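Noted in TrEMBL for the protein shown:
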{"type": "COMPBIAS", "residues": "53-68", "note": "compositional bias 'Low complexity'"}
{"type": "COMPBIAS", "residues": "485-495", "note": "compositional bias 'Basic and acidic residues'"}
{"type": "DOMAIN", "residues": "553-630", "note": "domain 'UBX'"}
{"type": "REGION", "residues": "47-72", "note": "region 'Disordered'"}
{"type": "REGION", "residues": "475-495", "note": "region 'Disordered'"}
{"type": "REGION", "residues": "539-559", "note": "region 'Disordered'"}
Amino acid sequence: ACTGIENIDEAITLLEQNNWDLVAAINGVIPQENGILQSEYSGETLHGPAYGPTSHSTAASTPSSSSAFRHVVPSRQIVERQPRMLDFRVEYRDRNVDVVLEDSSTVGDIKHILENELQIPASKMLLKGWKTGDVDDSTVLKSLHLPKNNSLYVLTPDLPPPSSSHSGALQESLNQNFMLIVTHREVQREYNLNFSGSSTIQEVKRNVYDLTSIPVRHQLWEGWPPSATDDSMTLAASGLTFPCHRLTVGRRSSPVQTREQSEEQCTDVHMVSDSDGDDFEDATEFGVDDGEMFGVASSALRKSPMMPENAENEGDALLQFTAEFSSRYGDCHPVYFIGSLEAAFQEAFYGKARDRKLLAIYLHHDESVLTNVFCSQMLCAESIVSYLSQNFITWAWDMTKEANRARFLTMCTRHFGSVVAQTIRTQKTDQFPLFLIIMGKRSSNEVLNVIQGNTTVDELMMRLMAAMEIFSAQQQEDIKDEDEREARENVKREQDEAYRISLEADRAKREAQEREMAEQFRLEQIRKEQEEEREAIRLSLEQSLPPEPKEESTESVSKLRIRTPSGEFFERRFLASSKLQVVFDFVASKGYPWEEYKLLGTFPRRDVTQLDPNKSLVEVKLYPQETLFLEAKE
């Protein structure tokens with residue numbers, strides 16, 4: 001009865017988006033200025049169009065920031081509801097495109113947006129994935145009874161697949177260097193600039209701005225290839241002549257006022273300054289714009305939009321926003337964060353607790369009558385700029401263009417939920433600009449305050465300080481929790497380090513013991529091998545010795561008595577004709593090889609091992625008997 005929604009599925013979807021809060025669902029669908037809502041302050045009830053042939057005039061009232069649901073008017077009256085927004089995730093090959101449209105749009109509108117995003121003619125694409133089967137371009141989305149979130153995909157059977165050779169050539173071009181010979185038309189000067197193929201046209205224009213002092217928005221170029229239609233395009237893909245390409249740049253001409261017009265403007269300004277201010281408070285009621293009051297058209301004041309429409313890169317969009325904001329309102333303004341909204345969250349909320357800040361989101365709207373006053377007198381006030389720079393990360397977005405507005409609402413839904421997105425969606429143009437104060441929490445991001453443009457410097461500062469008090473209390477708790485967590489982690493880290501050092505010491509000790517045991521085992525093995533080798537040599541020598549002659553032998557026999565280093569003696573008889581080597585072999589067979597021991601004679605003292613081993617015992621005078629002793633060699 002209140003909203004005129006007869007589709008039960010759509011009604012349930014709206015209730016789910018508002019967590020089954022009936023009043024919130026109705027307020028989200030019905031704008032406060034058109035719905036069956038009554039201001040608590042103005043006391044005037046606003047009605048929508050009636051069902052019957054008779055209609056009721058809409059009562060005018062002053063917009064109020066606070067409203068409550070009141071008594072429903074007779075059942076024959078309903079209010080025209082807001083269009084329902086639908087989200088589409090469209091997949092094409094390796095790309096995904098997010099599209100947000102009203103349910104009053106057609107399938108052809110989706111194709112038109114995809115044509116700009118994918119650079120594919122709408123006539124060549126087939127849009128698939130509809131639950132109700134194939135549809136044509138004129139089909140209205142509302143008639144399909146779609147849910148809020150939808151997934152579609154694009155087929156292009158008439159287009160050839162991307163060539164791998166072309167991709168390889170493009171990749172090679174990205175690694176090449178282009179020489180751009182840029183001629184400055186006004187001063188007739190040439191600049192030779194080197195850029196890599198991966199540089200964008202936008203980067204070239206910014207570099208030329210540094211050389212010529214011509215802002216990018218005022219640059220008028222000649223010589224770019226016809227395919228270079230987008231400043232975000234790389235030089236490799238723009239079709240430039242390799243390795244050199246000539247370009248010409250000049251300053252875009254602007255309408256020049258005549259001397260008489262300038263004098264008239266000065267006269268108008270003087271008249272405005274001397275006139276009673278009450279004469280101009282109601283100027284807008286007569287269709288007079290702020291700029292026209294001073295002799296300048298609004299279109300002349302706003303030479304270029306604050307933000308490009310359908311900008312792919314949020315960082316580039318914010319760069320243009322900052323430059324345009326400075327050109328309009330001066331250099332004393334908040335420092336806007338250059339990057340995506342996700343990057344702003346990361347900077348504000350996800351550092352150390354002591355370094356965290358509040359996030360302020362400024363939503364600009366060129367068509368609001370409050371924008372110029374809010375920006376020049378409040379947002380650019382030194383006290384506000386200083387306070388924001390110290391305590392906030394400030395991020396901005398332009399809501400003037402419908403595409404940029406839909407894009408922000410999509411981001412808002414993703415990060416803050418549908419309730420906040422619906423609140424911003426229902427804001428009227430004249431309620432802009434908006435200032436959102438966001439505080440990061442452990443599980444989600446909380447919107448502390450939504451400040452509308454109809455405020456004063458003192459009120460803006462008070463609301464910023466109030467948000468800062470809430471944030472400071474939460475920050476102190478976070479700092480305490482973080483310090484306790486770091487203390488626990490430090491204790492654990494010290495314990496882990498001590499345990500690691502202990503393990504290292506035990507491992508080193510164990511490895512030293514293992515090395516020592518291994519060395520002992522190796523030496524023992526060597527010793528055993530040497531002993532076995534010596535034993536084998538000894539046995540071999542013992543077996544090779546000639547038999548000992550008997551005492552009653554008829555041959556000449558020499559009797560030798562040998563003393564060992566330990567004091568023991570052993571005796572043996574040898575034939576006098578035996579060679580001295582036989583004596584050496586006998587001593588070695590007892591475990592005293594002549595390489596390690598000397599065999600010394602007594603009278604006279606001599607080293608027998610130095611004698612010729614092939615001589616007989618008689619020749620070396622070891623006959624008929626002799627006492628020898630063994631001594632280890634040094």
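Glycine too: its Cβ is placed from the backbone N, Cα and C atoms.
Remember, TrEMBL labels are computer predictions, not curated facts.
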Message: Looking at the domain 'UBX' (553-630) alone, can you tell me the average pLDDT?
response: 89
- request: Summarise the domain 'UBX' (553-630) by DSSP state, stating how many residues are helix, strand and coil.
  value: 13 helix, 29 strand, 36 coil
Task: Count the residues of the region 'Disordered' (475-495) that DSSP assigns to helix (H, G, I), to strand (E, B) and to coil, and report the three numbers in that order.
output: 21 helix, 0 strand, 0 coil
